[in-house]
């Protein structure tokens, strides 16, 4: 019974969201829903509107039409701080002109939680230490952020998001510059947090293996959504991504019983 | 670790203050300084020099140094440009222009009005800079710097024009002032820079979390619940005010805002409270010694402090450019 209640609990609800800039549509009539605890993968070729959609959700830009609701309340009804307490974001990459210690970057996650005058207390330090431990960077706490590798930087950003204690974690291609090992590591780390996640992906197989639900965006429109095995078909892959692909079902690496789609691509030059 | 550095700096600071009181045209013994501080006797000439001349001057030098370091730190943080500095961005020149304009029109040489005029001038410069760099505030380090330098030249040209029309005696006074000097320090005027510097430090400490959040980009800061536009505007006005008040009092003292945060950042994470305090204190400490040098390097003569900071600053700036070039070449 309890699980049923959990399962129908809506985290994010998007209704007919559109975004228009200079007379052209970036997003058109996008609607979907994310349940509490779900891991949702957002797919689409470059320029499909993935980042714009995510930006609308984390309130960096305002959609020109439609409505976005977080926990059944319109996102505009939240104050900046309240919203930041619910939604944390890990971006593709962050500018770093300055020397910042890893600890201080993670401590930024406290920003929406702390009133102006307060200083860091034991609980805050404990939370930062826990986050550091979880992403496996305890030994680098005092190092400079700029001296870390790309994968370590993204783990720091995830630790920052953990300290922010959100209900929803949004990730905009957090792994696109990373080695294979870190791509998998970052995504599994995000999944292990137990919060709802909305992440855009470049790697379709990784998305298929890790997501509960997939959204496919093409030219600003939502082309398909559903379970990975329903969404990732040869037809969709050739329509949206312009590649020929064979999709087979293989046992998941996490659980031998579940089947996940596996894609083998070719372009067509070699017969 | 940072507590150790802070207490070391405090110790160094008190020693520097004593040095500032002792060194000068007349060397004053440590015992006399102590006497002057604990039981001041106004009839004793040496004690009078310590209390009436050197102490307010040392305090002013400290305030100006820490204030300018802070103004630089604020500018660097909110524009995410490590080369930002009130002097290089033309804010100081704007303030100078305001002061000289008021002086040329009314002949006023001191007081709050002067600071007001300087503030108006610096705000004008800041607004112009923001309008020019509007679209590229976030990523174009170089173009913002160029815009600042251009503005700085523009305001200097206007100032020179005003000087050209003024009478020669006034010109001498103004020129000496634009070179930077703490010689006008006395107990009556010290409250204004003290209040403004203390206010800025408090503001920085108060908003340190949201300010730090901006260091990783506007988008990242927005996702942490920061009102980026409002905070940036408020902080730019604050740094203009800080620069204006200090310029109105001591003339154009450049490069401190660039140098000090840069050096401190090399050793301490900028986002920590300790980093903030160390920046402020180092700025003050640096300026104290610049002033001591200004008073003692040439016998019976006082060098303008602006000359010394500009000399050190330009060497520093060049070294920085070479290092940056090398860093990009090795990547």
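Placed from the backbone N, Cα and C atoms, the Cβ positions cover glycine too.
For B:55-75 (among others), the entry in TrEMBL reads transmembrane segment. A Cβ distance under 8 Å defines the sequence-distant neighbours of the transmembrane segment (B:55-75), meaning residues of its chain 6+ beyond its ends; these are 13, 17, 20-21, 81, 84-86, 89, 91, 182-183, 185-187, 190, 193-194, 196-197, 200-201, 204, 211, 235-236, 238-239, 242-243, 245-246, 249-250, 253, 256-258, 260-261, 270, 276, 279-288, 290-291, 305.
Summarising the annotation, TrEMBL assigns transmembrane segment to B:87-106 (among others).
Residues annotated as transmembrane segment in TrEMBL: B:112-133 (among others). Panel annotation: around the transmembrane segment (B:112-133), residues 86, 89-99, 101-103, 140, 143-144, 147-148, 151, 155, 192, 236-237, 240-241, 243-245, 247-249 of the same chain, lying at least six beyond its termini, place a Cβ under 8 Å from a Cβ of the stretch.
When Cβ-Cβ distances below 8 Å are used as the criterion, the transmembrane segment (B:145-165) is approached by residues 81, 83-84, 87-90, 92-94, 96-97, 100-101, 104, 121, 125, 128-129, 132-133, 171, 174-175, 178 of the same chain, each at least six residues removed from its ends. The transmembrane segment feature in TrEMBL is assigned to B:145-165 (among others).
Feature annotation from TrEMBL assigns transmembrane segment to B:185-207 (among others). Within the chain carrying the transmembrane segment (B:185-207), a Cβ under 8 angstroms from the stretch's Cβ atoms is held by residues 52, 56-57, 59-61, 63-64, 66-67, 70-71, 73-74, 110, 112, 115, 231, 235, 238-239, 241-242, 245-246, 249, 273, 276, 280, all 6 or more beyond its ends.
Residues or ranges marked as transmembrane segment in TrEMBL: B:236-260 (among others). Tertiary neighbourhood of the transmembrane segment (B:236-260): same-chain residues 60, 63-65, 67-75, 78, 83-88, 91-93, 95-96, 98-99, 114-115, 117-119, 121-123, 125-126, 130, 176-182, 184, 189, 192-193, 196-197, 200, 203, 279, 282-283, 286-287, 304-306, 309-310, 312-314, 316-317, selected by CB-CB distance under 8 Å and a gap of 6+ residues from either end.
The feature transmembrane segment is assigned by TrEMBL to B:266-290 (among others). Long-range contacts of the transmembrane segment (B:266-290) within the same chain: residues 2-3, 5-6, 9-10, 12-13, 16-17, 19-20, 58, 61-70, 73, 77, 201, 204-205, 208, 212, 215, 253, 256, 259-260, 305, 308-309, 312, each at least 6 residues beyond the stretch ends and with a Cβ under 8 Å from a Cβ of the stretch.
Distant neighbours of the transmembrane segment (B:302-323): 61, 83, 87, 176, 178-183, 250-256, 258-259, 262, 287, 290-291, 293-295; these residues of the same chain sit at least 6 beyond its ends, with a Cβ under 8 Å from one of its Cβ atoms. Per TrEMBL, the feature transmembrane segment maps to B:302-323 (among others).
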